[in-house]
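Under the heading transmembrane segment, TrEMBL lists C:6-22, C:34-51, C:63-82, C:103-126, C:169-188, C:218-239, C:251-281, C:301-320.
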Amino acid sequence: MELLNTSNITMKFGGLTAVKELNLEINKGEIVALIGPNGAGKTTAFNMITGVYAPTSGRIFLGESDITGAKPHLITKKGLARTFQNIRLFKELSVLDNVFIANHLHLKSNIFEAVLHLPRYKKEKKSILEKSLFLLEKLDLLSFKEDKAKNLPYGMQRRLEIARALATNPQILLLDEPAAGMNPRETDNLTSFIKDIRDEFELTIFLIEHHMSVVMGISDRIYVLDHGVTIAVGNPYEIQNDQRVIEAYLGVSEDA
Amino acid sequence: GCSEKAPTGGGATTDDDVIKIGVFEPITGANAAGGALEVEGAQLANKLYPEVLGKKVELVIADNKSDVVEAASAAARLVERDKVVAIIGSWGSSYSMAAGDIVRNQKVPAVAASATNPLVTLDNDFYFRVCFLDPFQGTVMANYAYNNLGARKVAIIREVNNDYAVGLAKFFEDAFVELTGDANAILEVTNYNTGDQDFSSQLLNISQKNPDVIFAPGNFTESALIIKQAKQLGIDIPFIGGDTWETPEFIDIGQQDVEGAVFSTFFTSEVPITSESEIFLKEYRAQYGKEPAAVTALGYDAYLVILDAIERAGSTDPEKIRDEIAKTKNFPGAAGIITLDENGDAVKSAVIKVVRNGEFVYLDTIEPIE
Amino acid sequence: MKKRDIILTIISISVLILFLMFANSRFDSYQIRILNLCAIYTILGLSMNLINGFTGLFSLGHAGFMAIGAYVTALLTMPAAVKNQNFFLQPIVPWLENVTVPFLPALLIGGIMAAILAFIIGAPVLRLRGDYLAIATLGFSEIIRIVFTNTQNITNGALGLKSIPNTTNLWWSFGLAALTIIFMLSLINSSYGKALKAIREDEIAAESMGIGLFRHKMLAFVIGAFFAGVGGGLLGNLLGAINPVMFRFILTFNVLLIIVLGGMGSITGTVISAFVVTSGLEYLRVLDESINLGFVRLPGIPGLRMVVFSSLLMIVVIFFRNGLMGTNEFSWDGLFALLRKRPSFLKREVGR
Amino acid sequence: MLKIENLCVAYGYVEALKGITLNVEEGKIVTLIGANGAGKSTTLKAIVGLAKAKSGSITYQGKNLLQEETKNMVRNGITLVPEGRRVFSNLSVLENLKIGAFYRKDTKKIEEDLEWIYELFPKLKERTWQQAGTLSGGEQQMLAVGRALMSRPKLLMMDEPSLGLAPLIVKEIFNIIKEIHKQGVTILLIEQNANAALKIADEAYVLETGTITIKGTGSELLKDDEIKKAYLGESHG
Amino acid sequence: MSFSLFMQHLTNGISLGSLYALIAIGYTMVYGILRLINFAHGEIFMMSLYFAFYGVAIFAMPWYVSFIVTVIITCMLGMLVERAAYKTLRDSPRITVMVSAIGASFFLQNLAVVLFGGRPKAFPTVQIFTDVIKIGTVSLQRLTLIIPVATIMLLYSLLYLVNKTKTGMAMRAVSKDHETARLMGVDVNRTITITFGIGSILAAFGGIMWGMKFPQIQPFMGVMPGLKCFIAAVIGGVGNIYGAVIGGFILGIGEIMLVAMLPQLTGYRDAFAFVLLIVILLLKPTGIMGEKISEKV
Ligand SMILES: Nc1ncnc2c1ncn2[C@@H]1O[C@H](COP(=O)(O)OP(=O)(O)OP(=O)(O)O)[C@@H](O)[C@H]1O
Ligand SMILES: Nc1ncnc2c1ncn2[C@@H]1O[C@H](COP(=O)(O)OP(=O)(O)OP(=O)(O)O)[C@@H](O)[C@H]1O
Ligand SMILES: [Mg+2]
Ligand SMILES: [Mg+2]
């Protein structure tokens, strides 16, 4: 079943066409990767899908609903969450609060109930807390729950970002270069971790990555962009042997 | 300061050999200039008459910072901390108004030198003033415009965020309309704000209506600039104004352009009204080497009125002093004979002056209307 | 909360009430006035801290909201006779003339009017960022002031209002300050409060986590304006006289100063700082007075107080970049830790 | 050439470096690897004076660097390519390169060096007048390296130059590092891509939570089992 | 409105606008480099008027000497203010710096009260500048012709400085990233000091022109021009030097024309600046010529 679908989305910045007529089809439960040279428009594609930018043209569908140009928070409410290429945690807040906040969008109590601690809010708060702690435990972050996010080592910050994204109850998770700044060893761990959370939370995953070990290891399908144009779509094997991809992106193989 | 040592709270034990009088003025902030003028007067009076009832009189100066919130605190401090028996001030009716409740509740009399807003003394038995009110001044200038300048159509340019200017403009307008019997005698009322420096478009607008006279109540700096700019724009209509103009800076800034500007004020040095005027003038010139402003004379008078009341009361009890201040009648002050009416306002004559050869020149004295 | 903490909290509240009773009967009106001002500035500080400190919006429009609160409260509590006395140049509009309501509803209406205005202003302005928001809100507050100056038959224009009933007393000001503190604490620790902090930390991330930026910013802005209005109302009825000139930018700055010195994003800091700054500024009055050294009498230098105050201010800002409390809050644990000389109480992050 | 002894650096209460000792000899490529947050960037920042040392010493050609201000480092021949490129986004490519030679007065030589950079990175030449902020990640990284080279450094320090770059560009960057090294520049390199870094390094240090745990030549470390397990990952065994 | 009246209004508007523009450039300059609203700019402007006044009135210097000295002293004052109020706060939260800036501005105001007294003084005008001449039916001061020319000249020298010189390049680099600029051997503190110095020189030029057009000085006179010129800078796009000039002209001409066209709104004249500001910000959130700041995610 198709979960995310874009039809001919295009993004122009002034004279520059960052993404041109991109057509994505991502099915439920898949892990799909988006790769391409620097500046190919991968992050821009993410930003269009998540509502940070409104596409210049084209439409985006999440399940049945048209989310083109919707505000990011509404898109998140519909079940699409993301992480960022440059980590964007709430730096001064505690690890627990970072995850807690990501539950706010589903809060039903209004502000008066919250300020006055009325029963509905109390109940909701309790369940949010439980869920947050559960997520932290799942991601091995429980022992840091009181620390400020900015004091975590980089790798853990990346994990916290994923935990935070998971807290919004997404159906589909977008990861922008989750392995950036990790060493090969950590990168390997990440690969299995992504598979795990996909199974555990019944997610669909769409990721951008430059580490081929990750991409080739977990992707069901891969889209390749170059200068905003989709130059190839296929499974890892097909992509690795696609001449255009090798020329534009991978280089002659000598084991990346 | 020394005043800190006085025990606070409980039964007040004031220093036995000094009597403290508060001077409640804007020392800093936007109205510092006016405050300084009044302080000069009070200090000069204190220097000349340092004693009453055989005790030394000490002035306690409290800065109201040209700010209403601060003004209330400063007044409260004078009353509670410094245990003053009476207060002089403040320049700027709004600060006086902010102190109004405090002096009334704590029963300490206050005498404003130049606060001309009727609200200051209205319904407050403890606030007095030694100057006349805006309604009188408005009438005086309307009469002058009508009779002496033969004006039948007038335009007004007023400082809209200044209570004094707004009030004076209104009283002038009423009086002038009554004099002419012409409901449209005021061609236009145009506004500016304190601190504005460009008035060219306002001036061009009113000059288009060809008024006989322009009445411009407001702060002296802005007023001087207004007249200056009018001349630069080739507008040749006489300007008249109120007592605030009588400061040396009005002429410094306006220079030859303010020649011929006419305004009403409290007092003139050319025609000393009382013997006190002569003493004041002599001492002021000796000390400062220049001509005093009217408000300085009024600050001087506020001090004297209080001193006189203490003397008559024979006591430093603020309430008794208040009662005596209220009875002030025909008191010879530097700026004229002072009689306080039932509101606590001075009923006195106004003086009309003109700027001539870079100096303020006396034109006429207008007696109060009964 | 731990049992110990509950007991300690109850004890301190009782001590405060006893202190207020004592102050009411034994303090002179000057001291009571300063205490009142401290409490009012606490309310104002907290309201601004919600907007600027917790939500990270750079708003400089506080004086405008205070003006609304002050004028509405004053006009609603003044009896018709007093109003007519005030409006001697131009009569007051008839619909305002005869409405007189008790203090509390008047304060609430004042707060609500400020909140409504904030809502109207917020719709366009909250789209702006950083300095632009700052200058736009400053502009709105100036516009409010200028409108008040020019609508003479509603506000009495430049003449201002006087003889406003002196209803504000220690019970009102401290009572409302306490309610404000409780409200803010409860808000800040709720899910909504955390969402506001998330916006302060990173707008883009917050939005991507499903937090509607506009709605939440508006929430903070409107609630902040409400309390600013209430604070303004208390202030007007404490002073007994108000006018438009009083609500200049400097008033906003005084409040801003309090929250910056106390620590942006710290409720405790704001409370402490409101008391320190308000009473400290009064204490500095000594500098303007003549000083008697026994043998000589040094004349006071008028204005020196403000010079000293502004330099003290800069020094404090320079040495406590994040304010006295940073984003930390008081807690009994923290206090005990401090007493045991552990540095964790006032731990400041370096290199922020 | 560069000697670090017992260097300790703390950010408030966080101890980032707990006494490291490290040596860079002239003409070598030295690499520093380690997990995230181990303190690699902090080491480089301490050398150029952007992080304050609590104790220990840093000497460069006999000179005490701890006394030296950051702005004078380039004059001494030390240049850092900072983590995350940090090109001046509001300056054009050319201006970014020129500011690399900010302290230099030899206008003629600067022109020659500019040509040299354009030879190394032909892509930059195409974009001379473009605002640096609009370059792609890879191009920005090249610009950052080019900008550093314009100061004619004797010691070039690079903080994760391959971060976030496409595989093709990563290869290119490593080739350029080798090329620069051939021209006589000493290099101190921080890399997450331990594999590639160790391959070109003469000498390597492993940093773990603020202390140096292993040192050796690049090829030694490549074969080290510990290293393989901790940093290189299985797919590179 | 007759044509000649309109021309007179327009002339007045241009004359006021060019003064606003002149001061606005100083704001923009500092903002562009430091991303800091230099709230003390209005006060530096005010101080420059006092320097010129004392030069002529007390030290009896000829006006041109006094004006040159004024520019130099004001420049030094600006650098001093930067040292005291901003340098120590280089890496602090923005709002702290803002408070320090406002603090510095209050400090200068109060210092002026203590040093020079609160009473206004008359600025020494120079006849050859202030004489009124008539062009057709329009009467104007010679100054009115000089100010726009001076503004345009300063505009172009600044543009040259910022875009074409090494110092200018350093300034722009510093505006983006202090640390990296330092790494490149740029003396960040010196660059910032120079920026403040130049900003203050502009304030002094503005001050002298202002003083001759509106010959009165008092300690609080910097507030309103300061605010208005800052608004002019924001309207034009703060950080953009052309923008400041455009903003200044729009504001000056707009203010005059508002009163000319709608005389019943004179009381709201000061609100005009703010209304215009808000309207423009809503249409173009970073001002007319402001760079579009879309954060890259
Ligand atoms: N907000 C923006 N304004 C102007 N140009 C932009 C903006 N965002 C991205 N671009 C441009 O769009 C192009 C694509 O950028 P994008 O960030 O999507 O690349 P990417 O594929 O994610 O590259 P990388 O792998 O380096 O992250 C680039 O040329 C970039 O400079
Ligand atoms: N400005 C700072 N304030 C507080 N702590 C910091 C700061 N900068 C770094 N740290 C901490 O110092 C430690 C070392 O950081 P450093 O940046 O040197 O690590 P690194 O080895 O370069 O890691 P990475 O691979 O993420 O670049 C980390 O724990 C980090 O959280
Ligand atoms: Mg990207
Ligand atoms: Mg690093």
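Using the three backbone atoms N, Cα and C, a Cβ is placed for every residue, glycine included.
Just so you know, TrEMBL annotations are computer predictions that nobody has curated.
At the 8 Å Cβ cutoff, the transmembrane segment (C:251-281) and the transmembrane segment (C:6-22) share fewer than 3 close pairs (sequence separation 6 or more) and do not count as touching.
Long-range contacts of the transmembrane segment (C:34-51) within the same chain: residues 23, 27, 57, 59, 62, 65-66, 168-170, 173-174, 176-177, 180-181, 184, 187-188, 196, 220-221, 223-228, 230-232, 234-235, 238, 254-256, 258-259, 262, 264-267, 270-271, 273-275, 277-279, 282, each at least 6 residues beyond the stretch ends and with a Cβ under 8 Å from a Cβ of the stretch. Proximity of distant same-chain residues to the transmembrane segment (C:63-82), defined by a Cβ-Cβ separation under 8 Å and at least 6 residues beyond the stretch ends, is recorded for 44, 47, 96-103, 105-107, 109-111, 113-114, 117-118, 137, 140-145, 148, 155, 161, 163-165, 167, 224-225, 228-237, 242, 244, 247-249, 251-252. Long-range contacts of the transmembrane segment (C:301-320) within the same chain: residues 257, 260-261, 281, 284-285, 287-288, each at least 6 residues beyond the stretch ends and with a Cβ under 8 Å from a Cβ of the stretch. Distant neighbours of the transmembrane segment (C:218-239): 33, 36-37, 40-41, 43-44, 46-48, 50-51, 54-55, 57, 59, 62, 65-74, 77, 103, 106-108, 110-115, 117-119, 122-123, 126, 161, 164-168, 172-173, 176, 180, 187, 192, 196; these residues of the same chain sit at least 6 beyond its ends, with a Cβ under 8 Å from one of its Cβ atoms. With a threshold of 8 Å between CB atoms, the same-chain residues lying at least 6 positions outside the transmembrane segment (C:6-22) that come near it are 170-171, 174, 332.
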